[in-house]
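Report on the following structure.
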Amino acid sequence: MGKEKIHISIVVIGHVDSGKSTTTGHLIYKLGGIDKRVIERFEKEAAEMNKRSFKYAWVLDKLKAERERGITIDIALWKFETTKYYCTVIDAPGHRDFIKNMITGTSQADCAVLIIDSTTGGFEAGISKDGQTREHALLAFTLGVKQMICCCNKMDATTPKYSKARYDEIVKEVSSYLKKVGYNPDKIPFVPISGFEGDNMIERSTNLDWYKGPTLLEALDQINEPKRPSDKPLRLPLQDVYKIGGIGTVPVGRVETGVIKPGMVVTFGPTGLTTEVKSVEMHHEALQEALPGDNVGFNVKNVAVKDLKRGYVASNSKDDPAKGAASFTAQVIIMNHPGQIGNGYAPVLDCHTSHIAVKFAEILTKIDRRSGKELEKEPKFLKNGDAGMVKMIPTKPMVVETFAEYPPLGRFAVRDMRQTVAVGVVKNVDKKDPTGAKVTKAAQKKGK
């Protein structure tokens with residue numbers, strides 16, 4: 001086997017009809033882990049239903065449908081391999097909760113693949129003021145997805161077909177837009193493709209012989225290797241807590257930063273409960289240590305299930321332990337709110353695995369969302385499209401960290417009226433020391 005490939009996550013973004021599913025489906029179909037039998041079954045069904053256009057989106061639609069019906073589709077189906085990487089596709093957008101998932105999502109994307117519809121009218125709709133292309137790109141940048149690949153899709157349907165002039169026009173316009181968002185377009189490959197016909201997806205296309213850059217597959221291989229934050233202090237937000245007969249209390253979650261290992265004394269923020277880790281498991285195998293990205297269960301001593309909740313954060317008691325936030329200041333971008341947001345607004349914040357109402361105590365400044373420059377001090381309100389620095393106060397104890405120190409615990413979605421109305425990143429936190437926190441006997445013994 002040789003050295004195992006590096007795992008990376010990509011998020012596929014773009015306007016609703018840009019061909020995201022077809023393109024993603026194509027990659028997964030050609031390079032991925034979809035079982036041949038499953039493909040054959042789909043192809044047979046497609047033929048019976050006269051779905052001549054079977055191609056690739058259909059694979060994805062089937063997978064989505066099965067996933068939404070609660071048939072657990074092996075998540076491996078959303079993976080594919082390049083020469084260098086194992087790629088996982090994070091919840092392809094179009095999904096209503098996409099924005100929320102992208103923020104609180106199980107993993108930070110290492111690269112965004114922006115799909116553009118190159119056809120006449122299609123491109124214009126996607127990039128227009130209210131098109132999703134802009135919003136998705138802004139979101140990706142704000143949330144720290146610094147690498148991007150741009151695919152000019154549907155080149156088989158431009159006028160004339162595979163038109164270089166059309167490609168050049170799109171590259172020019174999208175570049176100027178991405179520059180405004182904060183990306184450096186010179187570092188972004190613009191790959192002309194057809195997700196449907198397969199041009200330049202994996203093999204170089206003779207239809208596009210005027211193009212000399214990388215294919216989509218080559219561009220994915222050229223992504224800079226992500227640095228994993230295993231050298232930072234431990235942060236492990238809890239997703240669930242189980243009581244397992246004969247073992248005891250087992251919190252479950254994903255290591256975001258640092259490492260967790262048996263024998264470590266952990267402190268759970270925001271309560272300060274401190275205890276010893278007896279064992280760490282992943283996929284029913286005991287681990288000597290778990291690293292960032294690992295989804296693990298770990299057994300803790302002398303702790304009742306009721307003392308731990310989803311949204312609590314496990315940390316190393318001897319290395320910057322997690323604490324609750326008395327208040328914090330965040331840069332917030334309002335994306336989807338019908339009215340005005342003023343002081344006293346109290347929506348729900350989704351940050352890592354916690355879901356807690358937070359009060360906008362004070363809107364400190366309105367800022368230019370691209371440059372970060374201050375536009376106005378203490379504005380009366382913020383509305384759609386505005387960005388501001390806001391002082392927030394959680395209504396219940398919760399752990400947040402600055403985006404600079406612990407990115408996955410420093411980005412959040414603001415939810416109201418069952419939708420994401422804003423996104424934000426935490427700039428600084430006023431932490432409070434827990435009072436009367438329980439330290440178990442096991443932890444006390446360890447501490448001696």
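For all residues, glycine too, the Cβ spot is worked out from N, Cα and C.
What Swiss-Prot says about this protein:
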{"type": "DOMAIN", "residues": "5-230", "note": "domain 'tr-type G'"}
{"type": "REGION", "residues": "14-21", "note": "region 'G1'"}
{"type": "BINDING", "residues": "14-21, 91-95, 153-156", "note": "GTP binding site"}
{"type": "MOD_RES", "residues": "K55", "note": "N6,N6-dimethyllysine"}
{"type": "REGION", "residues": "70-74", "note": "region 'G2'"}
{"type": "MOD_RES", "residues": "K79", "note": "N6,N6,N6-trimethyllysine"}
{"type": "REGION", "residues": "91-94", "note": "region 'G3'"}
{"type": "REGION", "residues": "153-156", "note": "region 'G4'"}
{"type": "MOD_RES", "residues": "K187", "note": "N6,N6,N6-trimethyllysine"}
{"type": "MOD_RES", "residues": "K261", "note": "N6-methyllysine"}
{"type": "MOD_RES", "residues": "E289", "note": "5-glutamyl glycerylphosphorylethanolamine"}
{"type": "MOD_RES", "residues": "K306", "note": "N6,N6,N6-trimethyllysine"}
{"type": "MOD_RES", "residues": "E362", "note": "5-glutamyl glycerylphosphorylethanolamine"}
{"type": "MOD_RES", "residues": "K396", "note": "N6,N6,N6-trimethyllysine"}
Where K261 (N6-methyllysine) sits in the secondary structure, as DSSP reduces it to three classes: coil
Counts of helix, strand and coil residues, the region 'G4' (153-156), according to DSSP: 2 helix, 1 strand, 1 coil
Distant-in-sequence Cβ neighbours of E362 (5-glutamyl glycerylphosphorylethanolamine), under 8 Å, six or more positions away: N343, E378, V390, K391
Mean predicted confidence [pLDDT] for the region 'G3' (91-94): 51
Candidates G14, K20, M155 (binding-site residues) - the one closest to K396 (N6,N6,N6-trimethyllysine) by CA: G14
Distance check against E289 (5-glutamyl glycerylphosphorylethanolamine) for the recorded positions G14, K20, K79, K261, K306, keeping those with Cα within 10 Å: K261
Spatially closest candidate among G14, K20, M155, the listed binding-site residues, to K187 (N6,N6,N6-trimethyllysine) (Cα to Cα): G14
